[in-house]
Amino acid sequence: MLSCYRNCKHFGVCGGCSSPQMEYASSLKTKELALHNLFAPLIPSQNILPVIPCSPLLRGRNKMEFSFYQTVDGEKTLGFISPSKPKKGIPITECLMIDERAMDILNITRSWWTAHPDLSAYYPPLNKGSLCTITVRVGNISNDFMIILTTSGREEFAVPLNIIQEWQQSLLDSGLPITSIFWEEKLSARNSPTTFRTTHLYGAPFLKQQLSIDGRSSLFHIRPRSFFQPQSLQAEKIIQTIKEFIDPCGEETLLDLYCGAGIIGILLAPYVKKIIGVELVPDAVASAQENIQLNSVDMEVFLEDAKQFCKRNENLPSPDIVVIDPPRCGMQNRALKYLLRMAPKKIVYVSCNPLTQIQECSVLVEQGYQLRRMQPIDQFPHTNHLENIVLLERLS
């Protein structure tokens with residue numbers, strides 16, 4: 001059923017959903033048509049598979065971040081920051097995209113903030129203020145929570161540990177199924193990358209997620225900064241599509257660029273001969289290695305930039321298949337150049353940003369690849385965004 005019974009009370013102001021929840025079918029068709037028009041120069045329409053709708057339409061998000069906000073007059077809100085100008089803090093009391101108990105977590109945090117009026121909201125342009133965000137992650141096995149409070153790491157805005165522990169205890173007293181609580185301190189300095197100092201306050205150091213394809217289930221430990229697809233059921237459909245696109249016979253070598261916590265490679269490992277993962281983020285590599293061991297999978301992971309890995313291995317035997325699932329900015333030119341020198345037979349490109357994806361697919365097509373098939377999957381209902389998976393094959 002491609003509709004919802006009502007719209008969220010914050011629709012139109014919070015900056016989250018850009019189309020009414022009650023009009024999902026029409027908004028999905030609009031997104032699909034836009035994607036067809038965008039990729040028309042590269043692929044015949046009949047090779048674009050029908051978009052896979054999001055399921056469930058409501059309460060399916062496994063992660064959401066909420067922001068602390070404060071006006072110059074001192075009015076405080078916890079929720080979303082509107083995209084309007086001037087920006088406004090929207091005190092979210094309902095969100096149809098995530099488990100409704102997330103609102104209990106926000107309400108507990110609001111009460112704690114009210115009890116400590118000296119704590120100010122963080123203001124990124126000036127790197128001032130104490131409270132940044134609260135992130136709620138939901139496990140799909142026990143519907144339990146990981147909660148991450150992010151505050152400023154600047155000494156003059158630091159939040160004392162005993163105040164943090166008050167917040168922690170309020171959450172634990174609520175009776176909510178909380179698996180783990182983390183406190184992150186954001187360390188920002190001009191002309192330097194932002195880093196985080198993490199304190200594990202309570203419970204397990206990870207949240208459990210389970211994904212299955214072809215009846216095979218794999219368990220994943222997701223840590224505070226692990227990337228995981230935002231809709232667990234849609235993630236299974238993404239990986240199932242990748243498997244169908246590569247059509248493995250069991251003798252292939254598969255290179256998983258931007259492998260993150262190893263999820264794609266681990267789920268595809270039973271179908272190919274060898275899996276190699278490449279990831280730049282140390283925390284993600286640690287998670288990947290943990291998940292590889294957890295699932296008894298033979299997969300090698302390199303802590304390396306994708307460009308450097310491709311450059312270092314450009315003269316070695318080419319992998320049969322390369323799966324790339326890069327950030328929204330894409331692979332970028334130099335990484336793409338070295339990937340082309342590796343000349344894999346098949347490339348599966350997964351992207352949440354089709355504008356970047358088509359630019360890089362155009363380069364691949366110019367250099368001897370053909371875009372064979374395309375499968376859009378909706379992970380972001382009621383927004384303008386689509387996940388898109390394309391299969392490119394090297395012309396002989």
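Backbone N, Cα and C atoms are what each Cβ position is placed from, and that goes for glycine too.
[4Fe-4S] cluster is bound by Cys14, Cys17, Cys95 in Swiss-Prot, and the record lists one more residue there from Cys8, Cys54, which is Cys8.
When Swiss-Prot records Gln229, Tyr258, Glu279 as binding S-adenosyl-L-methionine, the matching candidate from Asp144, Asp173, Asp325 it lists for that site is Asp325.
Other residues of the chain with a Cβ within 8 Å of the Cβ centroid of Cys8, Cys14, Cys17, Cys95, the [4Fe-4S] cluster site, are His10, Phe11, Gly16, Phe80, Ile92, Glu94, Leu96, Met97, His382. Within 10 Å of its Cβ, the residue among the binding-site residues Glu279, Asp325 with the fewest other Cβ atoms is Asp325. Apart from the site residues Gln229, Tyr258, Glu279, Asp325, the chain places the Cβ of Phe227, Asp256, Leu257, Cys259, Gly260, Ile263, Ile264, Pro326, Val350 no farther than 8 Å from the centroid of the site's Cβ atoms, the recorded S-adenosyl-L-methionine location.
In terms of local Cβ density within 10 Å, Cys95 ranks first among the recorded positions Cys8, Cys14, Cys95, Cys352.
Residue pair Tyr258 (S-adenosyl-L-methionine binding site) / Cys17 ([4Fe-4S] cluster binding site) shows a Cα separation of 28 Å.
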